[in-house]
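According to TrEMBL, the features are:
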type     : residues  : note
TRANSMEM : B:24-45   : transmembrane segment
TRANSMEM : B:57-79   : transmembrane segment
TRANSMEM : B:91-109  : transmembrane segment
TRANSMEM : B:118-139 : transmembrane segment
TRANSMEM : B:170-187 : transmembrane segment
TRANSMEM : B:208-234 : transmembrane segment
TRANSMEM : B:240-263 : transmembrane segment
TRANSMEM : B:270-291 : transmembrane segment
TRANSMEM : B:297-316 : transmembrane segment
REGION   : B:327-359 : region 'Disordered'
COMPBIAS : B:327-336 : compositional bias 'Low complexity'
Amino acid sequence: MLEIKNLVCRYGKVTALDGISLKVPAKQLVVLVGANGAGKSTTLRAISGLVPAASGQIIFDGEDITGMAAGKILAKGIAHCPEGRRVFGEMSVLENLEIGAYLRHDAKAIQSDVDRIFHLFPRLAERRAQVAGTLSGGEQQMLAIGRAMMSRPKLIMFDEPSLGLAPNIVEQTFHIIQEIRDSGTTVMMVEQNAFAALDMCSYAYLLEAGSMVLEGEGQDLISNPHVREAYLGAGVHA
Amino acid sequence: MKLIASLLILAFFATVPLWLQDQYYLHTLVVTGIFMLAAMSLNLLLGFTGQLSLGHVAFFGIGAYVSALTSLGFSVTIFGMPIVHEPWPPFVGLIFGALAAGLCGYLIGKLAFRVRGAYFVIVTISFAEVVRLVSLNWVELTNGPLALPGIPPMTLGFEWSGYLTLWGKAQNYYFVLAVIVLTYVLIRRLVYSPYGRAMIALRENETLAVSVGISVTKYLVLAAVFSGALAGLAGGLYAHYIQIIDPMIFMFLNTVTMVIMVITGGKGTLAGPVVGGLIFGIAPVVLRSYVGPEVQWILYGVLMILIVFVLPEGIVPAIERWFNRGGASRSPTGRGASSGGSSGDGSALALSGSGKGNS
C-alpha cells in the first residue's frame, strides 16, 4: 500500500534520513522503532508532506506522492497523528472531531462518522460539549485518534501514541490501535515503547541515525540480540 | 439573551448624540470608534491567528492616504510619465483605501508568513517605517510633512437619492457606529465560518492544524488581507473625518494604542477590541483634566501591566467566565485554559474580574 524507496531528508545541512526504504502492506500494522533522533518522526512527516524529500520516492496506492502538498496527501487517505499536544485544547470535543473532517464536504456522512466515533468512545460522547483541554490524558488520546479517523484514512500514522500516558491508558491505546487495524485500516506507528510495539505489530523496522539497520517480523526483532540489548533492556522477557 | 444584551448596548450608543451635547466629547467618541475599528482589524491577526503585527498603523495610514488622494486628486510624474488623477467622491476613496491596504496585507502576508513569529513582527515594523518615509519624502504626492489638507468630508448617497455630506459630529458618529456594527457582524461571521475555525486551529496548534489538512499560508494570508483592508477602512474614515493627514499618522504610538486595546480587551474575542477601544479611547479625555500627557502614557503603561497581571486573557474573557462560572463549555472563539489543572486558576481570574466590576 505504501512504499518508500531510498528516501533522503535533510534539515539544512543535517541529514535526518539517509536513504531509507520500507513497505507497509495493506491492512497490516507496521512499526518503526529506534532511539531519539533516529529519524522516526521525520519519516512520518515526510510521508505526510510536512518535510520535503531531498531525494527518493514515496508511493501510496501505486501513485507517487513525493512532494505533494500536505492537504493533498491527507485527501489521498493518509492521516497523521502527530506527537506532543494531541488535541485543540480550546475547542470542544465535537469541534475537534469536526475539524478532523476539514477536507470533507459530505455533511451527512461526517455526522454519521461523528456518531460512530461517539459510539466507539462513549466517554467522548458524554463530554461532547466540553473543552478538549480539560479532558484527561487518556480521553485526549481517544479524541486524537477519533479526529484522525474523521478524514476516513486508508492509512493512519501514529507518532508516539503512548507518550506521557499512564500505563493502563497506554495499554488501552494500543488495544484501540489494534482494533483499527482489525477493522481494515492500515496502521503505521512510531513508538519508543519498543517491546509493546514489536509485540503487537506484523512487521517492524529499526532506524538508527537515519538509516534502516534491521527489519523483520515483530517477534524476530524481539529475539534479536542487538535489539534486546539496545532497546528492550536486559531485564525484559520476551 | 446575549443578542438582547448586544442590542441594548447598541441602542444605548445610538442615543448618545441625542443627549451628549458637548461636541468635544462626541468628537472623542468618533475618533475612539475609528481606532476601535483598527483594533478590531488587528485582533483578526493577533487574536485569531496569533501573529503580532507591530506595523498595523501602516495599513491604517495607507487607507487614509489612498482615500484622501483619491478624493482630492493629484498629479505626479513617475519616470517622466505625468499621472493626473481627477477628484473622485470620498466614498469611492474609502473603498480604494481599503482595497489598497488589503493588497498590502496580501503582499506582507505572502512575504512574512514564510517566516512567522518574531520575523513577522520585524517585517511589519519595517513595512510601517518604509511607508512612513515614503509619505514623508514623496512630497509631490503626499505633500510630505506639510500635510495633506482640505480632505473632503464623507459623502453618502447616489445620483437618484441625493447626497448627504457628513459635516457634523453627530452624522460622523452615526456613520462610524454603522461601520463598526457592520464590521463586527462581518468578523463574527468569519470567525464562526469554517475559515475562522481553521484560523483558530492554526493559532492553537499548527502541527495539528496541518495534520487535518489546513493550509497554513492560505489562512494566514487571508487573515492579513482582511485585517489590512479593515485597518485601511478605518484609516479612510479617519482622513475624511479629521480632513487633514500628515506622516505623523504613521506614529508607532498609534500601533501601540491598537495593540493595547486588543490585549486589554481580550485578544481572540469578538467584543475584546470594542471594550479595550472604549477604555483607551475615552481614558485620555478623562485623565486630561487631572494629569499631563506624559504622565498619561505612564498611567497607560501601569494600567496595561496591571491588566496583564490580573487578567492575562483580557477583560472580556474574564467577564465571560464570571457569567458562566458553572458551565465547562465555552465558545470556540474564547481563549481558555488548555489543561484541566488550570481551571482553579480560571475561577481566581473570574473573582478578580467581578471585583473590578464592582469597584
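Cβ coordinates are placed from backbone N, Cα and C, and glycine is handled just like the others.
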At least three Cβ pairs under 8 Å linking the transmembrane segment (B:24-45) and the transmembrane segment (B:170-187), pairs spaced 6 or more in sequence?
yes
For the transmembrane segment (B:91-109), sequence-distant contacts whose Cβ falls under 8 Å of one of its Cβ atoms, 6 or more beyond its ends:
58-60, 62-71, 123-124, 127, 154-156, 220-221, 223-233, 235-237, 239-240
For the transmembrane segment (B:118-139) against the transmembrane segment (B:240-263), do we get 3 or more Cβ-Cβ pairs below 8 Å once near-sequence pairs (under 6 apart) are dropped?
yes
Residues of the parent chain within Cβ reach of the transmembrane segment (B:270-291), under 8 Å, 6 or more residues beyond its termini:
24-25, 28-29, 31-33, 35-36, 39-40, 42-43, 47, 180, 184, 187-188, 191, 257, 260-264, 299-300, 303, 314-317, 333
